[in-house]
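The thiamine diphosphate binding site feature in Swiss-Prot is assigned to 72, 113, 114, 115, 145, 146, 173, 281, 360; the stated evidence is sequence analysis. Feature annotation from Swiss-Prot assigns Mg(2+) binding site to 144, 173.
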């Protein structure tokens, strides 16, 4: 195999074009093989193989810096930069990351995971290069979905102003995770149509020259005028950025030729490359949304694998039903329709649904505008992505106490996506915001109750739930919930475990049938149930959460006890002050000491060693 001979990008420069083409197919096979075992971002990486090979053939990594936005498309990059022998560990605990990571390889120019960051990073690098008198190329590879992000567009504005030498490669596959939205996406499609027209014109060029040179000259002058008009329309020219394309992102020879030419140019240049997401794997080409990030599968008989009924689906079903009951309900998502469980909702209530693209800040402030005019918006968003709209939560929603509901998916440890995606900071950054209330349901039925009640409380509410399966709640059932009140699930005589969110199942498992240990579903963090907390203060208390210990639920409990002048023995379990890498969720919980075993150890340290009765 040719891949066996490739240990660094330098090895690509010694291969013939024919060998590079064979290598592309070998890389696709390896990507399919490993993602079939481990899961991962399959379709994006399959679509970028030729582009990655061309970039590493032309440029000199790691001296030249090649940045991959998000990192979904970087598997081929990992395979040709000395990590092929570890590629089988992709996304596994102790293995290589599913994204680019500076600490993993000198060829990874940035640590990625969130969208739209590559252009600002690249701008910083070219500024440093020029100030330090160095000479190397900086290439930022960004998808058409990530380019819709406000951070990317703002960076383009500055890149055009400063006119520094750099190359932007727009990898246009018409997708982010869901289908792309917005005016810029429509423009890219129009450019592709124009490219098709230009190709058709080539067919008639020689015919016109033979029939009438005069007629050909007239047509040629008209085309030059049209080109000038096109340049005036092109938004990249308006930014002061040279635009080249669109070109075929699977034409390896053509890509190498174009990149060699662009390498010699001064100033900022954008190369528009059109690729097919899932290229070379028929099922992924046909359904790039599902095969964007599938779980494990049989590569010989690839079929969609049921992930069971998830919290995301429970949320989607609940809001779809709620929208039939509440005509002012409106749901927004930042490019995560499928991931947030909103396919059904978007089909049944298209007029009250908005995908703003990869623009979390826009989602939150648009929700504020809706609320100001009497609507009841729900922002469906992952915990890790809500970080990107923190100012909007405060400035546009909370200050005016607007009735916006934040449905925070993927709260807590999320597993194989690792440090950039764990939702373990939202409690700390949200509970300090005045007016904003925070809750976490124990099951799908309680989620329905919280969503319905949240639309009635009159201010901002955050409801957080994990990446996990959950038992389906019956449709049409909307139980009442005592807002701000906790729930005792098991009485105890010596100690109580106060569990917030997902850790409740661990608390019940740890307590077992020991009569000394009680368990509380501490489902409301803000407001805390101070009445129950006061009543429980005569017992030993252990708080548990799937969140950073610092600033989390346990901290809130300690603050409340201090304010009430109560001093029970309290231990706080949560994530320590470090970033957790990728791995299986149960294993990462075990590392953090927040699983059932960790809870039992903490109880034992408090003098309450749990004893289970034998049947």
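Quick reminder: no glycine exception, Cβ is built from N, Cα and C everywhere.
Note: residue 114 (thiamine diphosphate binding site) has non-local neighbours 70, 384, 385, 388, 420, i.e. same-chain residues 6+ apart with C-beta under 8 A of its own C-beta.
The thiamine diphosphate site in the record is lined by 72, 113, 114, 115, 145, 146, 173, 281, 360, and its two most distant CA atoms lie 32 Å apart.
The subset of binding-site residues (72, 173, 360) lying with their Cα within 10 Å of the Cα of residue 144 (Mg(2+) binding site) consists of 173, given in sequence order. Counting only same-chain residues at least 6 apart in sequence, those with a Cβ under 8 Å from the Cβ of residue 173 (thiamine diphosphate binding site) are 44, 47, 143, 144, 274, 275, 276, 277, 288. Contacts of residue 360 (thiamine diphosphate binding site) defined by a Cβ separation under 8 A and a same-chain sequence distance of 6+ are given as 334, 381, 385, 386, 388, 389, in order along the sequence. Neighbour counts were taken as the number of other C-beta atoms within 10 angstroms of each residue's C-beta; across the binding-site residues 72, 144, 145, the minimum falls on 144.
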